[in-house]
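Quick look at what Swiss-Prot annotates:
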type	residues	note
BINDING	L71, Q72, G98, G99, W100, N101, Y142, L211, S212, Y213, D214, W355	chitin binding site
DISULFID	C26-C51	disulfide bond
DOMAIN	22-385	domain 'GH18'
CARBOHYD	N402	N-linked glycosylation site
CARBOHYD	N511	N-linked glycosylation site
CARBOHYD	N526	N-linked glycosylation site
CARBOHYD	N541	N-linked glycosylation site
CARBOHYD	N556	N-linked glycosylation site
CARBOHYD	N571	N-linked glycosylation site
CARBOHYD	N586	N-linked glycosylation site
REGION	490-609	region '8 X 15 AA tandem repeats'
REPEAT	490-504	repeat '1'
REPEAT	505-519	repeat '2'
REPEAT	520-534	repeat '3'
REPEAT	535-549	repeat '4'
REPEAT	550-564	repeat '5'
REPEAT	565-579	repeat '6'
REPEAT	580-594	repeat '7'
REPEAT	595-609	repeat '8'
SIGNAL	1-21	signal peptide
Amino acid sequence: MGRLLLWVGLVLLMKPNDGTAYKLVCYFTNWAHSRPVPASILPRDLDPFLCTHLIFAFASMSNNQIVANNLQDEKILYPEFNKLKERNRALKTLLSVGGWNFGTSRFTTMLSTLASREKFIGSVVSFLRTHGFDGLDLFFLYPGLRGSPINDRWNFLFLIEELQFAFEKEALLTQRPRLLLSAAVSGIPYIIQTSYDVHLLGRRLDFINVLSYDLHGSWEKSTGHNSPLFSLPEDPKSSAFAMNYWRNLGAPADKLLMGFPAYGRTFHLLRESKNGLQAASMGPASPGKYTKQAGFLAYYEVCSFIQRAEKHWIDHQYVPYAYKGKEWVGYDDAVSFSYKAMFVKKEHFGGAMVWTLDMDDVRGTFCGNGPFPLVHILNELLVRAEFNSTPLPQFWFTLPVNSSGPGSESLPVTEELTTDTVKILPPGGEAMATEVHRKYEKVTTIPNGGFVTPAGTTSPTTHAVALERNAMAPGAKTTTSLDLLSETMTGMTVTVQTQTAGRETMTTVGNQSVTPGGETMTTVGNQSVTPGGETVTTVGNQSVTPGGETMTTVGNQSVTPGGETVTIVGNKSVTPVGETVTIVGNKSVTPGGQTTATVGSQSVTPPGMDTTLVYLQTMTLSEKGTSSKKAVVLEKVTVPPREISVMPNEQNTALNRENLIAEVESYSQDG
């Protein structure tokens, strides 16, 4: 206890008084009151001065309209919740709709047409104003997954834009402050890529609650922390990784709120003697006394558990865990929350989101540190501004505690980067630097399982760390990918632009040029690419000449290389004979025999690797029997517009299937 108070005091002295208005958004659940006493919590038990925004979870949906989950919520909990604003006039309250148990089917039905979305939006404006809420939070887990069709990814965007438009219109007509709009989103990369257009979400929402927790749990076969701040070499999932992933995909940093869980995830150990991080486990530990959910302990239940448990600190992840017998819990405490809050400030994110306020030690009954010990430290570090600042140490993530972590001692290999060349580091780290790294002084490479710990540093230096990962790709080839570990850096984070496949090396120069090992591909402008041994030249924007062949564009529809016919449908899909060419927007092209897929300007996939691209329009031209006619097979028609109009026309939300098929049939007849 003494160590904690001393440490927190030092953190408060270091807290920068930078004048930045951080958000501290706290969820409150409508089932918190149903827990046994003394864990039963009502809105009246909350401190209205701790959080800048309170979100009531959850409302429901019926017949494409927002509704209360039950009569008690509407008649008792809503009024109590919004009455907190009488004590703190600056407090904002929002109502969240959805949640994990809500599923996806009602969202899908509501999103499916413009008419059903308009019905929902009309009910939302009326419902929020009637009950005194200041905004809506969308908790849709997840568009395009868990039974939700992939079209929901784009219909969800339409809903958000239409909600924003309706909120602005209502504010103008009533002369009241505009209703706020937020969303809870995943922190897992494959879900982010599938479910969201990050750039457009970032433009439309007032703030984004990143669920940077539930990264590990009893559904896995070994122990892992629920919400580590930083990644381990063999496991990139972490709060920092999730936040940087969203930022690097185009979300404004000041709208991104990092998720802080006021709970832990538990495991049942396979062997009592193997009790560290990544120890073998078999399902969840026993349910908590009050939450009664296997694999889960609220923070106040964690406090009771650790009184008789062995506690440890995870180096490089800045979070604690504890075990007792065969029961293991990875949790957060005031110290780990402090590290995470300082990370939010250091990286200039928008603030913190807490799930949930009612799982903190609300009355100070369990943990002995007063009421709301977790949220209180976030309030001190992010909201209050009366503490003077002193400079932070250059590497402040170095608190010595009882620590543990996999891997060996640090084995750094450093190469200087020049300012005018792309530097490929020597074998040993199998790492490479791309143009995006040139803003940094050094790139450090380490072997798998190693850590980088800056030592003896007395003056500011900036490092980026590249880590080798191996995975099996199609065709029994080994794929080596390189990840940049943002947790070891002191400056802005960057994303990986370059990967190696098999024995080849690919170097990305900006977003334009790719070099696979043994071949050189050069982009001329934005339209022309030169693979090794061939030259492809763009004449204007319409005509392409590969080495030895001539390709002529007739209008915008057809291109004829020597002896073959290529058809362009709109601006989206190009189909040469026997090959499939897929264009996502203007970014992704698949030449025959190889796949080069660029998603936005973030990732490059060399030959031999699987690439999952959503919302593609793919067409294949093939010979049919002995006839010389060419049949076109339509595989998918799901390319949405990159930009969404203020009032999108329902006819423009997807390609017109009938017209496209008619064009295809006409082409087949012309042969």
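Using N, Cα and C of the backbone, Cβ positions are placed for all residues, glycine too.
Sequence features annotated in Swiss-Prot and their locations in the structure.
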{"residue": "C26", "record": "disulfide bond", "DSSP (3 states)": "strand"}
{"residue": "C51", "record": "disulfide bond", "DSSP (3 states)": "coil"}
{"residue": "L71", "record": "chitin binding site", "DSSP (3 states)": "helix"}
{"residue": "G98", "record": "chitin binding site", "DSSP (3 states)": "strand"}
{"residue": "Y142", "record": "chitin binding site", "DSSP (3 states)": "coil"}
{"residue": "S212", "record": "chitin binding site", "DSSP (3 states)": "coil"}
For the recorded positions listed (C26, C51, L71), most other Cβ atoms within 10 Å of the Cβ sits at C51
For W100 (chitin binding site), the nonlocal same-chain Cβ neighbours (under 8 Å, six or more residues apart) come out as L141
Confidence over the repeat '2' (505-519), expressed as mean pLDDT on the 0 to 100 scale, is 35
S212 (chitin binding site) and C26 (disulfide bond), compared by Cα position, are separated in whole Å by 14
Counting every protein chain shown, other Cβ atoms within 10 Å of the Cβ of G98 (chitin binding site) number 22
Excluding its own, the Cβ atoms lying within 10 Å of the Cβ of D214 (chitin binding site) add up to 20
In all the protein chains shown, the tally of other Cβ atoms within 10 Å of the Cβ of S212 (chitin binding site) is 30
Greatest Cα separation in angstrom, residues L71, Q72, G98, G99, W100, N101, Y142, L211, S212, Y213, D214, W355 binding chitin per the record, works out to 32
Expressed in Å to no decimal places, the gap between the Cα atoms of Y142 (chitin binding site) and C26 (disulfide bond) is 21
For D214 (chitin binding site) and C26 (disulfide bond), the CA-to-CA distance in whole Å is 17
Taking only the CA atoms, the spacing between C26 (disulfide bond) and G98 (chitin binding site), expressed in whole angstrom, is 16
